[in-house]
Amino acid sequence: MNLTAFLRLFRILLVFTRYRLDQLIQPLPLPWYGRLMLLGPWRLYPAPKDLTRGMRLRLALESLGPVFIKFGQILSTRRDLLPDDIAIELAFLQDNVPPFPSDQARQRIEEQLGLPIEAVFAQFSDIPLASASVAQVHSALLHDGSDVVVKVVRPGIEEVIRQDIQWLYLAARTLARVSREGRRLRPVEVVRDYEQTIFDELDLYREAANASLLRRNFLGSPVLYVPTIYWDWCRHKVLVMERISGIPVTDIESLRAQGTDMKKLAERGVEVFFSQVFRDSFFHADMHPGNIFVSRDNPQEPQYIAIDFGIVGSLTPEDQTYLARNLMAFFKRDYRRVAQLHIDSGWVPPETRVNEFEAAIRSVCEPIFERPLKDISFGQLLLRLFQTARRFNMEVQPQLVLLQKTLLNIEGLGRQLYPELDLWRTGKPYLERWMRERAGPRHQLQNLRQHLERIPPLLETTHRALDTIAQQDHHSSNWRSRSDAFALRLIGVALVAVGANSLGTDTSLWAQTQPMYWLLLAAGAWLVLRRAGPDPKRQTGRPR
């Protein structure tokens, strides 16, 4: 351990003691050696008065700097793991990091672009527009007259992150080792997800690609505008993007003053969410109010403007389908269907008892559904479901966690803009339309084409394997007939697989399946069974 690492560890222990964070661990069921570890000198330090446990943890993380602050911000979204009081308090974590000097920003830009600042920008402001733990933003003007913002990664932050991540891993492994309850929280997995997230945020080329894809998905859309990326001047540590002019979405007074249709604005937020998740399977996963603005143009047809694309999420087609069916089953109070879908999707282990899981879901959801639909929180519903599923050993699904966090942000924002927003009534038409399109002939043909494209490579691989075997079996007189039979049988198996995959495991939807998949299933079965039967030529016996 070098001196820098030792001093950092000393600093962490000092903050741990000052805020008596050992008291947060004491309620956990610990073995004797875990209890022994808590009998440290920090017990002699008085606990802060008038501070809740959540406030103490928040203040400690803020004292430890940007890496721990960001970790706490991500933890605040994991309400399936944390008690509500701690999660709510961590949501107030502030990234109050002083800006780094402008000469360092200029130096990093010139290093990344390989050109002097004056060759790229006609004007460059040394006063940052915003500063955060990972990067800061400056305004600038390109030589063609375009107003832009320049995002620059903080110098030296990579080494700080790597060092602090190792201490987080140490704490996570210790917690998992000494406490059964700690293992249930899967702390090492949480830190690993955080490590992936924060290093993704350090790569501004990746963020530029995210912004570019989101812009393409909503190009010409009246509901969401995504700024232009200037690719010529983007690098891994520098991003140049169109500067936008909008009203912060939290500035309700200014929005009302310009005559914004608040009901339509709130409903369009729901439309943006469902379009990203179900139409595009690619969603902005950091849509907190600081990253959302509203266009000043045409307030009667309000349009959102999004920034900061470092964190995004996506769902597989299978997860999309299961999520949509789950939501529909929820609002029909079909809890057995919800339980079965969780098992079919692989979100919970296959040996889970459906009856027990159904009863647990019912006990959580029934009190929620006793309220009017407009008062029901989608995000809270998913949260309670995840918390219940965790008791049945649900595997952590990072994309679903991002989705739940995004939904909570959209929902909270929508009801701040328009308190009477009925999220279910607004979102249900988009969900139903998506499910109809998925069952429609166009999507089914596309799905069929994708499956059929996999068959030729499979056959080619099989024929190569058969040829290899043939070279070792020159004396077999019926080799060709057997290889042909095997190839046809393989085609049959492939057709059965395509048909069965398209039918799915949900028998209630089989009636909606296109006839072509039943034909594929039947044709494949016929090929398999026909060629699996006795060969007439082999019944005649050997020639005399």
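Positions of Cβ are set from backbone N, Cα and C atoms, glycine also.
Because TrEMBL annotations are produced automatically, they should be read as predictions rather than curated entries.
Some features that TrEMBL has for this protein:
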- Asp286: active site, proton acceptor (ACT_SITE)
- Leu129, Ala130, Ser131, Ala132, Ser133, Val134, Ala135, Gln136, Val137, Lys151: ATP binding site (BINDING)
- 93-341: domain 'ABC1 atypical kinase-like' (DOMAIN)
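Here the features listed in TrEMBL are placed on the structure.
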{"residue": "Leu129", "record": "ATP binding site", "DSSP class": "coil"}
{"residue": "Ala135", "record": "ATP binding site", "DSSP class": "strand"}
{"residue": "Asp286", "record": "active site, proton acceptor", "DSSP class": "coil"}
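Taking the mean position of the Cβ atoms of Leu129, Ala130, Ser131, Ala132, Ser133, Val134, Ala135, Gln136, Val137, Lys151 as the ATP site, the remaining residues of that chain whose Cβ falls within 8 Å of it are Pro99, Pro128, Val152, Arg154. Neighbour list (Leu129 (ATP binding site), Cβ cut-off 8 Å, at least 6 residues apart, same chain): Val137, His138, Ser139, Val149. Counting other C-beta atoms within 10 Å of each candidate's C-beta, the binding-site residues Ala135, Val137 are led by Ala135. Once Cβ contacts within 10 Å are tallied over all protein chains shown, the binding-site residues Ser131, Ser133 are led by Ser133.
Put simply, Asp286 (active site, proton acceptor) is 16 Å from Ala135 (ATP binding site) when counted between their Cα atoms.
The Cβ of Asp286 (active site, proton acceptor) lies under 8 Å from the Cβ of Asp308, Phe309, Gly310, Ile311, each of these being in the same chain and 6 or more residues away along the sequence. Largest CA to CA distance in the ATP binding set (Leu129, Ala130, Ser131, Ala132, Ser133, Val134, Ala135, Gln136, Val137, Lys151): 14 Å, whole number.
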